[in-house]
Amino acid sequence: MFRAAAPGQLRRAASLLRFQSTLVIAEHANDSLAPITLNTITAAGRLGGEVSCLVAGTKCDKVVQDLCKVAGVAKVLVAQHDAYKGLLPEELTPLILETQKQFSYTHICAGASAFGKNLLPRVAAKLNVAPVSDIIEIKSPDTFVRTIYAGNALCTVKCDEKVKVFSVRGTSFEAAATSGGSASSEKAPSSSSVGISEWLDQKLTKSDRPELTGAKVVVSGGRGLKSGENFKLLYDLADQLHAAVGASRAAVDAGFVPNDMQVGQTGKIVAPELYIAVGISGAIQHLAGMKDSKTIVAINKDPEAPIFQVADYGIVADLFKVVPEMTEILKKK
């Protein structure tokens with residue numbers, strides 16, 4: 001039996017929806033927007049109400065122009081100051097608090113990247129609210145879904161905080177269209193520099209390969225490769241597929257590759273069109289970081305390896321024979 005909602009309840013629900021407003025904290029490198037920000041904008045749009053983006057930094061005019069064209073963005077707030085160089089959370093937090101105070105945003109969010117995970121807990125603490133981390137679905141403006149137990153279970157969280165602060169798993173939401181929008185831009189509210197930390201320098205490793213979290217194809221290796229030198233087999237294969245190269249935690253802990261290549265619960269979350277797992281047994285922590293991939297191919301000589309339980313295609317064979325053969329076949333095409 002269904003019971004109709006009282007008119008007063010419907011009016012309150014409509015009122016709440018009408019007054020929803022979300023502030024997306026843009027992650028960027030001054031001249032380019034981080035892809036996860038586009039996924040976060042899509043998530044923010046599902047809350048209903050107006051979506052604004054806050055861009056803080058130095059010489060970030062191009063990012064502002066690009067954001068104004070993104071579908072679903074109503075307003076871009078801009079704060080340019082040397083204090084925001086490097087997007088330090090200590091400096092960004094007072095700016096976000098002042099912006100929220102002036103515009104009364106009901107939601108504040110960012111991508112669940114190192115940037116967002118570093119910033120949002122501080123913002124939430126200052127607002128005296130509990131943040132919701134790494135959401136994968138939005139059921140309503142106050143109800144979110146996130147994974148627990150290394151991705152083996154889903155947890156639905158109802159948030160009754162006055163301001164909802166949450167981070168968004170980029171792989172769970174489509175990227176917002178980068179054209180079709182016509183947002184206005186204006187200066188963000190001013191805030192005083194905290195001055196307790198200073199951005200000194202950043203050294204980035206440049207690679208011709210795609211960035212791991214944004215690649216359409218990922219080739220990952222595990223402890224089965226036996227050494228860091230043997231990862232050259234994966235690099236050669238990845239070159240033919242225009243793929244990024246990742247690794248399991250076991251391979252990282254063994255010192256085969258640096259930890260910025262780690263895929264998994266404590267590493268990077270990926271969801272490419274094609275994921276090739278080479279010499280990876282399939283610990284649940286690794287599966288949590290790649291199980292949403294569209295197609296998974298596993299290569300392992302152990303037919304009982306857990307990775308085969310999630311793989312769409314499995315090759316039970318010696319990787320030192322199979323991978324070079326795959327590379328040679330691709331070279332001939």
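Any Cβ shown, glycine's included, is placed from N, Cα and C.
Of the residues LYS139, LYS206, Swiss-Prot records the annotation N6-acetyllysine for LYS139. Scan Swiss-Prot for N6-acetyllysine across LYS69, LYS126 and the hit is LYS69.
Considering LYS117, LYS164, the record held by Swiss-Prot lists LYS164, annotated as N6-acetyllysine. Of the candidates LYS158, LYS321, Swiss-Prot records N6-acetyllysine for LYS158; the remaining residues carry no such annotation there, which does not rule it out for them. LEU319 (FAD binding site) and LYS187 (N6-succinyllysine) are 56 Å apart (CA-CA, integer value). Listed modified residues: LYS139, LYS187; maximum Cβ neighbour count within 10 Å falls on LYS139. LYS59 (N6-succinyllysine) sits 33 Å from VAL263 (FAD binding site), taking the C-alpha atoms as the reference points. Looking only at Cα atoms, THR93 (phosphothreonine) sits nearest to VAL263 among the binding-site residues ARG223, VAL263, ALA283, LEU319.
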